[in-house]
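The following features are taken from Swiss-Prot:
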type: DOMAIN; residues: 52-81; note: domain '4Fe-4S ferredoxin-type 1'
type: BINDING; residues: Cys61, Cys64, Cys67, Cys110; note: [4Fe-4S] cluster 1 binding site
type: BINDING; residues: Cys71, Cys100, Cys103, Cys106; note: [4Fe-4S] cluster 2 binding site
type: DOMAIN; residues: 91-120; note: domain '4Fe-4S ferredoxin-type 2'
Amino acid sequence: MMKLKKVFIDIGSILRSIWMIGMQAFSKRETRMYPEVPYIPSPRYRGRIVLTRDSSGRERCVACNLCAVACPVGCISLKKGESTDGRWYPKFFRINFSRCIFCGMCEEACPTAAIQLTPDFEMSDFKRHDLVYEKSDLLISGPGKYLEYDFYQFSGKEILDKKKGDAIKESKPINVKNILP
């Protein structure tokens, strides 16, 4: 009697499996055939890292090194230089994408909105050393996500022709000795 009961349970299990497979055969497929059907990631997808320019066409990066410090895997390296008008810029800016985990910490740490993550995800390569991108590979011609932001309008740093407090939307420096009781 126990063997007969086990046979019916096994047959029922087999029929239920066939029924479930049959139902899935006619349902919509979740798998996309990637190269033929393009994948469109969400707008907040963190992909390829780019360096942007401000509205006047100059690069936004001031080589403050905050992105390199914030990076948990240490894949960003740069060196600061200073131009004749007093602006800082990176002499070199290098990201090793073979180590990058695309966490977005560098984008959050950047005070100038120079470093931004785009939804581009097709970055594979055959050689590891080809995944080390230099500044020329990362620098794009546009402002990226933040169209009107210009760090030097808000920073309070002296630039060649403007003193502190003379830039757009910047108040004059406060003399602390004048406000003492």
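Just so you know, glycine gets a Cβ as well, placed from its N, Cα and C.
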From binding-site residues Cys61, Cys64, Cys110, the one whose Cα lies nearest Cys71 ([4Fe-4S] cluster 2 binding site): Cys110
Surrounding CB atoms that lie within 10 Å of the CB of Cys67 ([4Fe-4S] cluster 1 binding site), all protein chains: 23
Among Cys100, Cys103, Cys106, which are recorded as binding-site residues, the nearest neighbour of Cys67 ([4Fe-4S] cluster 1 binding site) by Cα: Cys106
Proximal but sequence-remote residues of the same chain as Cys100 ([4Fe-4S] cluster 2 binding site) (Cβ under 8 Å, at least 6 apart): Ile49, Val73, Cys75
Packing count at Cys103 ([4Fe-4S] cluster 2 binding site) (other Cβ atoms within 10 Å of its Cβ): 14
For Cys61 ([4Fe-4S] cluster 1 binding site), the three-state class that DSSP assigns: coil
